[in-house]
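Listed in Swiss-Prot for this protein:
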BINDING   E201, D285, C391, N394  Ca(2+) 1 binding site
BINDING   H334, H338, H344  Zn(2+) binding site
DISULFID  C309-C391  disulfide bond
DISULFID  C349-C373  disulfide bond
DISULFID  C351-C356  disulfide bond
DISULFID  C407-C426  disulfide bond
DISULFID  C418-C436  disulfide bond
DISULFID  C420-C431  disulfide bond
DISULFID  C430-C453  disulfide bond
DISULFID  C444-C450  disulfide bond
DISULFID  C449-C474  disulfide bond
DISULFID  C462-C481  disulfide bond
DOMAIN    404-488  domain 'Disintegrin'
SIGNAL    1-20  signal peptide
Amino acid sequence: MIQVLLVTICLAVFPYQGSSIILESGNVNDYEVVYPRKVTALPKGAAQPKYEDAMQYEFKVNGEPVVLHLEKNKELFSEDYSETHYSPDGREITTYPLVEDHCYYHGRIENDADSTASISACNGLKGHFKLQGETYLIEPLKLSDSEAHAVYKYENVEKEDEASKMCGVTETNWESYEPIKKASQLNLPPEQQRFPQTYIELVVVADHRMYTKYDGDKTEISSIIYEIVNTLTQIFRPLHIRVALIGLEIWSSGELSKVTLSADDTLEAFGEWRETVLMNRKRHDNAQLLTGMIFNETIEGRTYKSGMCNPKHSVGIVRDYRTRRHFVANRMAHELGHNLGIDHDRDSCTCGANSCIMSATVSNEPSSQFSDCSLNKYLNYIVRYQSTTRCLHNEPSETDIVSPPFCGNYFKEVGEDCDCGPPANCQNPCCDAATCKLTTGSQCAEGLCCDQCKFTKKGTACRPARGDWNDDTCTGQSADCPRNGLYG
């Protein structure tokens, strides 16, 4: 059983509250000061891990008490995660660090169904949380009092550049492409219209400009990337996509592919490097270049649309424009969205927020939600183009998960029948969120051959025909949709 650590935060208001202060996120005009004070609920004398599996924080925001629930993100790293950097003479140095007891968490605010949180607890509390529709950031204050933290709204951070930023992917003409089809129009029964579980094993590369920008501090660069991917995993979870960091590379001795003012040329060169070099030494599904280059034409990122799983095109480049990790994570999620066949949003697309992830114009306050258009486009893409996205269906072995099984992390592990997330978030009637077991009378909880918690009747089509191949059909004995391999 997971022990819960209770942490009380006492809110103090100081004379300089509301004045301007320079933080890692930039110049902040209005903030509150809090002092985290741990009050442990672990039994007296019990061994306390360095970073607990679950924590709660109580504090006030705008004078109102909130309770922040955090759970360690046990999907952050893939099994054979590695880190690579280069000696001054260009020699490759690869290590396999132990990452089980890391300090990166996801969470939510109690009694706020739409809340989210992505927090690093490595050195104090650092990250962001969404409360009542507004994004707040928290980070330690670099004062003589090391316990002081600042809490502030994202909108109160002064913008470095108010110029409109754009995604580098060419704006598509929606009418010129295959129309987006609603889930109900994909010739799939209702129970199969849920997103299939897919997996992206991700490599993030920091270029040499990033290395020099952070004064050669590889630890700092690694922490930045951890924070970005921690947010990525949360963003893609509603699509049933597990994003796991399988590799981190820092070009410490110089650029290994051409990085120029042209985003197109930089993307092409990085794709060629991935195809000819990286794929030969590291198994992965997608690679993203995080660069310190300021591209021409206010380009924030560039990628190949529908390039996922392609040796050269399953790549993206993202500019490390700000020190705000949430902003950069949003940009990387945007480029990954294009890799997954998702177009820019039209004006009519909505996500319940001021901006959505696939907006063509970069918002100063990044979104963490995909629009209704994006969800439909992704579902259409993943169902109709399975033959070109097979890398996404390589489910990691349940025995290869880095950390011990953890009910409530959305990932089915050894000893579990299903995992639909925390009880407050579970929407699967076939799965008991408290135990990660099937509910009484259920045969299955998900899968292309799972119909209202029962195995679909034998012979039911579960995957459309591909070229000269027949439809794949259910066996009646499993929720999986086997590849029949029969010519028509």
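Backbone N, Cα and C atoms are what each Cβ position is placed from, and that goes for glycine too.
Under the three-state DSSP scheme, C391 (Ca(2+) 1 binding site) falls in the helix class.
Summary of the Ca(2+) 1 site environment: with the site residues E201, D285, C391, N394 set aside, the chain residues having Cβ atoms within 8 Å of the Cβ mean position are Y199, I200, R283, H284, N286, C309, L392. In the domain 'Disintegrin' (404-488), helix, strand and coil residues by DSSP number 0 helix, 15 strand, 70 coil. Sequence-distant neighbours of C391 (Ca(2+) 1 binding site) (same chain, six or more apart, CB under 8 Å from its CB) are D285, M308, C309, S314, listed in sequence order.
For C351 (disulfide bond), applying a Cβ distance below 8 Å and a minimum sequence separation of six or more within one chain yields I357, S367, Q369, F370, S371, D372, S374. Taking every protein chain shown into account, H334, H338, H344 are the binding-site residues, and of these the Cβ with the most other Cβ atoms within 10 Å belongs to H334. If you compare Cα positions, C462 (disulfide bond) sits closest to C449 out of the recorded positions E201, H334, C449. A 10 Å radius around the C-alpha of C481 (disulfide bond) takes in these recorded positions out of C373, N394, C449, C474, in sequence order: C449, C474.
Between the CA atoms of E201 (Ca(2+) 1 binding site) and C426 (disulfide bond) there is a gap of 25 Å, rounded to the nearest whole number. C444 (disulfide bond) is 7 Å away from C430 (disulfide bond) when you measure Cα to Cα. Sequence-distant neighbours of C449 (disulfide bond) (same chain, 6+ apart, CB under 8 A from its CB) are F455, T456, T460, C462, C474, T475, S478, A479, D480, C481. Taking the C-alpha atom of C349 (disulfide bond) as reference, the shortest distance to any of the recorded positions H338, N394, C450, C453 belongs to H338. Secondary structure at E201 (Ca(2+) 1 binding site), taken from DSSP and collapsed to helix, strand or coil, is strand. Here the C-alpha separation of C356 (disulfide bond) and H334 (Zn(2+) binding site) works out to 9 Å. Note: C453 (disulfide bond) has non-local neighbours P429, C430, L438, T439, G441, S442, Q443, C444, A445, i.e. same-chain residues 6+ apart with C-beta under 8 A of its own C-beta.
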